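Marked as diphosphate binding site by TrEMBL: B:18. Under the heading Mg(2+) binding site, TrEMBL lists B:116. Annotated domain 'Phosphofructokinase' per TrEMBL: B:12-303, in sequence order. Annotation comment: TrEMBL describes B:117 as site 'Important for catalytic activity and substrate specificity'. Residues annotated as site 'Important for catalytic activity' in TrEMBL: B:143.
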């Protein structure tokens with residue numbers, strides 16, 4: 001039963017861009033917090049496209065247990081998309097359509113869960129209220145495995161891919177070490193990270209000291225120096241017996257070109273990468289003659305909820321809950337961000353930050369995080385990264401040996417408007 | 001203190017071939033069982049090479065806790081190798097050297113932990129006693145992620161890579177499903193399996209029914225039919241919205257050639273494969289125009305102790321313990337094998353089988369395990385595979401967020417002989 005103090009209207013939540021192991025934990029935070037306040041939540045099907053197409057999911061049809069299970073389910077439960085709204089001048093019709101949909105369904109709060117591009121979209125929508133005479137509060141909610149959002153100390157989604165990467169580097173290195181005498185001497189692990197080497201840096205947590213893996217990390221922040229790379233591979237194999245290399249997909253040559261340019265681009269104009277590892281492996285074979293193996297876990301790294309960081313899963317939930325609190329308190333054009341208050345023991349809290357300081361900006365790794373030779377991480381990087389992979393938050397497993405991931409009913413809300421555009 | 005009933009002599013344990021997530025659990029089973037009987041265990045450094053080179057590790061120097069930690073540590077704790085002994089006729093000197101080393105260190109039992117090739121080596125060594133007048137008992141101990149050993153119902157190491165593959169297929173598919181509207185429509189996961197599609201088949205446990213991933217599995221048992229493959233990808237994308245493909249590295253074309261022949265060969269004469277996924281991805285892009293992603297987890301899949309199957313870890317330990325029991329009971333030229341006594345609930349026991357029935361044989365998947373179109377697994381396959389991924393056996397994690405894997409002291413035994421040829 002609605003009470004007098006219940007806020008009027010509905011809240012719309014949408015997931016944007018590449019999904020993560022914990023973006024659904026944020027969805028759980030949003031929906032559970034809104035339920036406490038008596039605010040019904042709709043979710044846009046496939047991100048902002050669902051809002052444009054009036055494809056809205058009624059989350060009130062989901063059980064409490066189903067929403068709770070989102071907290072341990074990877075992927076995007078309502079669908080996500082890569083679709084960037086143009087500027088208000090360039091495509092006013094899209095913004096007018098969004099307001100039409102909001103108005104038709106009494107959407108008073110819009111929470112947009114994504115990265116840099118999504119923060120920009122959220123900012124534009126937050127400004128629509130005045131421009132189009134409709135009272136809408138828009139909150140950006142952080143999410144990206146790339147860890148490249150400004151202001152926030154870290155990004156939900158990153159801690160889990162960081163943990164996956166560090167653990168995988170450690171495990172594969174134990175394998176390589178066992179066999180190096182007669183088999184593979186150089187193992188190359190390619191990780192995500194278009195323009196910032198945060199994920200590659202996290203691999204550095206697998207070990208410490210010159211002889212511990214990974215022996216070489218290749219960052220997009222440092223142009224690839226073939227001679228220095230080969231010299232270090234050779235020295236490592238001669239000293240340790242084998243060598244583990246972690247390479248960022250965004251590794252650039254001296255001319256600033258991706259070593260593994262695939263030549264296709266996504267809707268945001270980003271290059272679609274993949275395959276720097278085989279390029280490096282061929283180089284090692286040709287120039288040094290070592291037997292190699294390489295791995296490219298691709299989506300496995302960002303969907304590995306089975307190996308999520310508890311810190312990350314907790315933060316993902318917390319930003320969802322905070323976003324609801326901010327929205328219902330009448331805040332607009334802000335994002336809940338993670339503020340670190342202590343390194344060891346790790347302490348953090350959530351605060352709000354203006355979207356103007358986040359939209360379209362990209363946080364690079366501090367230069368102080370890379371060793372002088374550019375092939376490793378410093379103590380400062382370890383201090384920053386270490387807390388983010390701490391703690392385990394395994395999903396429940398069924399008797400069949402698989403994690404019990406939830407598939408929601410995703411009941412669609414009846415349309416009230418004519419179809420939009422195409 | 002030695003007692004009168006203590007068996008005389010030492011036991012030598014060696015790891016052979018590609019390592020697994022649970023081969024060290026077998027080592028723990030061997031060492032713990034031998035300690036109970038008061039038999040000191042040496043481990044050969046880097047497999048049979050350590051025996052030839054007289055590089056022996058004294059496991060009595062390791063603490064009880066360290067040996068127990070082997071049970072949850074991936075890789076090969078004593079080193080493994082790819083090195084196949086020639087026949088007795090072709091290289092009698094190697095066998096004489098082995099006997100010299102055994103005699104010098106009072107090795108009375110030799111346990112060789114490996115796959116088909118290693119079972120053959122174990123068989124040859126078991127026959128040396130008479131030929132060279134030295135009393136040695138040799139037991140083969142099963143291990144291979146390829147699950148292709150004869151006689152045994154399954155092979156330690158396989159259940160864990162099977163679980164990793166099924167879980168990864170499920171997780172990545174949740175990711176792809178979220179994004180398919182505007183992004184990747186076809187995801188291809190390449191898995192290990194040179195000549196038998198056991199690991200690829202295990203991916204089928206990720207889901208059941210035509211719309212559940214994986215939608216297509218490509219087995220080395222069925223020559224690649226490009227037209228049928230593309231038709232099924234297209235139909236799946238049109239019906240489901242996206243398509244997950246799992247491809248075995250050993251996929252062959254109609255002419256019997258590997259689709260991803262790398263052209264190099266290992267010491268056993270096996271081709272070194274890698275890269276059928278990008279070949280398939282390029283085909284999908286060229287012929288159907290769909291955006292794709294592909295993953296190649298390589299060593300990650302066989303070293304992922306963090307996601308081990310409890311069934312597998314338990315069986316790996318049990319074959320190690322049984323091997324010691326057999327050896328000390330005076331058995332020779334046998335292997336402890338896993339006998340399934342019931343599917344559901346799953347029940348198994350360990351029995352001995354003669355190495356003559358195992359050496360150099362390769363268990364193929366039964367034809368009844370593949371669906372008629374060759375792109376999926378049957379109910380019979382599910383009945384067989386399902387129990388093998390059941391149960392979780394996570395390693396302990398440290399405060400740093402990493403599994404607490406053990407590195408042994410690996411104290412070397414003083415040499416008594418001159419170096420051996422090579």
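Glycine is treated like the rest: Cβ placed from N, Cα and C.
When pLDDT values are averaged over the domain 'Phosphofructokinase' (B:12-303), the model yields 93. The number of other CB atoms found within 10 A of the CB of residue B:143 (site 'Important for catalytic activity'), across every protein chain shown, is 30. Checking the recorded positions B:18, B:116, B:117, B:143 against chain A with a Cβ-Cβ cut-off of under 8 Å leaves B:18. Distance between Cα atoms for residue B:18 (diphosphate binding site) and residue B:143 (site 'Important for catalytic activity'): 9 Å, as a whole number. A Cα-Cα distance of 9 Å separates residue B:116 (Mg(2+) binding site) from residue B:143 (site 'Important for catalytic activity'). For the residue listed as 'diphosphate binding site', the Cβ neighbour count at a 10 Å cut-off comes to 26, with all displayed protein chains included. Residue B:143 (site 'Important for catalytic activity') and residue B:117 (site 'Important for catalytic activity and substrate specificity') have their C-alpha atoms 11 Å apart, to the nearest angstrom. Other Cβ atoms within 10 Å of the Cβ of residue B:117 (site 'Important for catalytic activity and substrate specificity') number 20 in total over all chains. DSSP assigns residue B:117 (site 'Important for catalytic activity and substrate specificity') to a helical segment in the three-state reduction. The local packing around the residue listed as 'Mg(2+) binding site', expressed as other Cβ atoms within 10 Å of its Cβ over all shown chains, amounts to 21.
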